[in-house]
Each structure stands twice: as C-alpha cells, then as structure tokens.
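A.B. asks: Got a structure here, written out as structure tokens. Questions coming.
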Amino acid sequence: MAVWALGINHSTAPLDLRGRFAFALDQIAPRLQGLRQSLSSHPGVETAMLSTCNRTEIYCAAEQAAIDHTLGWLAHSGGVSTALLRAHSYTLQDSRAARHAFRVASGLDSMVLGEAQILGQMKDAVRAAETAGVLGSTLNQLFQRSFAVAKEVRSSTEIGAHSISMAAAAVRLAGQLFEDLSQIRVLFVGAGAMIALCATHFAAKNPLGLALANRTLERGEQLAARFGATVLRLADLPERLHEFDAVISCTASSLPIIGLGAVERALKKRRHRPMFMVDLAVPRDIEPEVKALGDVYLYTVDDLASVVQTGQASRQAAVAQAEAIIDAGVQSFMHWLAQRNPVGGVVPLIRQLNAQTEVWRASEIARAKKLLAKGEAPDAVLDALARGLTQKMLHGTMAELRAGDADMRAQTAQTVARLFLRAQSNHDL
C-alpha cells in the first residue's frame, strides 16, 4: 500500500475551477464517507481531505487502482470531467506525497510563504477524517509527522518573518486607491477568520466607519463588537452597498452574493465615485463581471498573489533551511513506511514471528497441562515443555543449515551464528 496526495491548488488551477472543489469543513466527513462507499471494492483504503481557498487535496493510503477511482470521484463531485481535473491536478506518490504534505504544513506551498493558518486547517482535516472513520494508522502517521516537521520549521527558521498576509495586502491595495484610509467607509461581508483578520488591519487605519454583513446576525454582531462596527442584514446589502468605499467579502456561499446589477445601482447612487472591492472567497462572492465596470477596482484572492509574494526572495535562506528539515522528515517517514511493507517489511515479519511463537507456546502449554493432569512430575513436565519449545524454534533453522550448496550453507551459518549465538559471544567478551 502506497501513500498518495492528489488535488489542485493555486499554482495548478484557476480560481473558478478551484471554486468547484471548495468544501466547507462540515461537508468533509460526509464526503469522505461517500468516497469510502464508492471504494467498497478496495478495502482498507485510508483517506483524508484538505480544502481551503487555495487548494483541495485528498491524501490516501491505497493501491494505484483506488487512486484512479478517487480522481474520477473528485471530478464528479466538482461537476467536471476527469480529463479536465487531471489537466489541472497533481498526483504524488510515497516520498513525493510525504514531501508535499510536509511543505504544505510548513507553509512552503502556500500563496503567502510561511503562513501559519494552513497548519490549523490540516489539523481540522485530520479530525474530519477521524470523524468519518477513514483515517487509518498510515495517514495518521503522515499527518503527525507533518505537524512535527512544521513545528520544527517554524521554530528553527524565519520562514514566516516579514510575510504579508492577504489581509495586509488588501489594506495596501486600498491605500493605493484612496489617499487617506481614515476618510473611507469599509464593509465586511462574512464573519469568519479571514474577515476578522481583515477587519483588524483596516480598523488600525481608523476609517470613518466600519460595517459588517453576515447571514447569521448573532455571529456578525459578536465580531462587529470587537471593532465598533455596525451590523447589516445580508438581505439589506443591495440597498446599502452605495454607502461604502471599500467592500471586503469572504463567505462560504456556493453562489455569488453581490451581483453586477447591485454594484451598478450602487455606483449610480455614488455618482460613480470609485469602489474598492476584494473577493477573498472561493467560490466567488462577487460576480466576476463586476470587474469590467470602470469605477470598480475588484481584486480576487489570485490577484493578491503578487502583493503577498513581495519580499519572498529575501527569505530564500529560510526556505533552504526549511527544505533541509523536510528532507530529513521525508527520509524518516519513508523508513517507517518501508518497515511496514507487506513484502520485505520488518514490521509484518515481526508480527508473523510473534504469531508463530504464540502458536508454539499454546501447543506446549496444552501438552504440559495434560501431562500434569496425568500425574507426571512437575520437573519432568517443565523439562519437556522447554525441550518442545526449543525443538520447534530450531527445526526450521536446522533444516536451512543442511540445505543448499556449500556457499549458501556458509552464509546461512553466519546468519544463524549472529542471531542465536550473540549472547554467548557477548559473554565471552
């Protein structure tokens, strides 16, 4: 059984395609259970799913045939052809899959180099797989080692130093459009972690006003209270949109919530004063046609990439250090995996040896109990038990010593001496 990572990310797939595969956290466990049912002809497969704004990945411990099926299942889930998904996806096996997982956890594969949020998202993915009952010992080991590597990378390097977050990038872009951010009104749509971070950055600029719209009013009020923002109902957005100079949106909606018509009406009421809009959602919150409007400056999560990547060149030394830590982690994991390989692996052999010796032990114990029940002397019974175990353990070895040609017997003799006469050799020393 091999370890696999397959999926799409910001480097391989455009925003709209990624949007088809953006699954909310509470959707992941049910989808993994559905995947397991579709893999019923491949028993023992382990799976986990990571879904963020910038990537959707499935990690598997499985054979090749199960991976081919999984890619088709994922394509069907997103409503696209397998050929289209394959053209924009990657499928990585064993050491490449482990390296990818370690790089993702460490923030090296993120749009924002060194960002820490992905580590928490990976831990959420593990919990979802556990809830679905599809994680398994192999993937659990992969993820636990991913977390350990990520911790070492962050504590031993400066990979996250001086990075620019998406939220900070949004503020920087707004500053290029508006001369004074303290003279604008800002609307946030959504109440998740990304909106909270954006609100923190914009609030630091002391704008004229902050407002927040959310589908769940209570949750919106809780976040708004932290920044002194007013709260709007999501249904009121079309009629209130013109009041705001900047709109930052990031919800989990499967469909756009700010349409072209609403923005056109807002611009008319604003007498075509410019509007700054940032859509951090995947799939989109704001209809893409809005970008064509002359007085709107609309940025998506992909548009912010060039801003957040500023300064990454100066952190290449930290990247090199991180890659060295990851290299060591990959080697360690692959050694662990090889030991558990059914063909030639140490762990399966140890299990077989333990099972065989347990059969011998049980057989000799049963024989000893019968002898004791017949009134045999305990010393004689113990001697027979020990002799019986010794004969069973050495029978195969003795047969191998007599088999084969002279060279083979000599090699076998060296191995047997190393295994069975080690204690005697140490005693002689």
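Any Cβ shown, glycine's included, is placed from N, Cα and C.
According to Swiss-Prot:
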type	residues	note
ACT_SITE	CYS53	active site, nucleophile
BINDING	THR52, CYS53, ASN54, ARG55, SER110, GLU115, ALA116, GLN117, GLN121	substrate binding site
BINDING	GLY190, ALA191, GLY192, ALA193, MET194, ILE195	NADP(+) binding site
SITE	HIS100	site 'Important for activity'
A.B. asks: Taking the mean position of the Cβ atoms of GLY190, ALA191, GLY192, ALA193, MET194, ILE195 as the NADP(+) site, which residues outside that list, in the same chain, have a Cβ no more than 8 Å away, listed in sequence order?
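C.D. replies: Near the NADP(+) site, the remaining chain residues are PHE188, ALA196, LEU197, CYS198, LEU223, CYS250, THR251.
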A.B. asks: In angstrom units, rounded to an integer, how far apart are the Cα atoms of ALA193 (NADP(+) binding site) and GLN121 (substrate binding site)?
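C.D. replies: If we compare the Cα positions of ALA193 (NADP(+) binding site) and GLN121 (substrate binding site), the gap is 12 Å.
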A.B. asks: By CA-CA distance, flag whichever of CYS53, ASN54, ALA116 among the recorded positions is nearest to MET194 (NADP(+) binding site).
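C.D. replies: Going through CYS53, ASN54, ALA116 one by one, the closest to MET194 (NADP(+) binding site) is CYS53.
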A.B. asks: Just name the winner among GLY190, GLY192 (the binding-site residues) by count of other CB atoms within 10 A of its CB.
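C.D. replies: Counting every other Cβ within 10 Å of each candidate, the maximum falls on GLY190.
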A.B. asks: So around the substrate site, THR52, CYS53, ASN54, ARG55, SER110, GLU115, ALA116, GLN117, GLN121 aside, which residues have their CB within 8 A of the centroid of those CB atoms?
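C.D. replies: Same chain, not in THR52, CYS53, ASN54, ARG55, SER110, GLU115, ALA116, GLN117, GLN121, Cβ within 8 Å: MET111, VAL112, ILE118.
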A.B. asks: At 10 angstroms around each C-beta, which of the binding-site residues THR52, ASN54, SER110, GLN121 has the fewest other C-beta atoms nearby?
C.D. replies: GLN121
A.B. asks: Count, for each of the binding-site residues ALA116, ILE195, the other C-beta atoms lying within 10 angstroms of its own C-beta, and report the residue with the smallest count.
C.D. replies: ALA116
A.B. asks: Let me know the DSSP-derived helix, strand or coil state of ALA191 (NADP(+) binding site), please.
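C.D. replies: Once the DSSP labels are grouped into three classes, ALA191 (NADP(+) binding site) ends up as coil.
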A.B. asks: So, three-state DSSP: helix, strand or coil for SER110 (substrate binding site)?
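C.D. replies: Where SER110 (substrate binding site) sits, the three-state DSSP reduction gives coil.
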A.B. asks: How far is it from ALA116 (substrate binding site) to ALA191 (NADP(+) binding site), counting Cα to Cα, in Å?
C.D. replies: 20
A.B. asks: Neighbour count, 10 Å Cβ-Cβ cut-off, for ALA191 (NADP(+) binding site): what number do you get?
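C.D. replies: Its Cβ has 25 other Cβ atoms within 10 Å.
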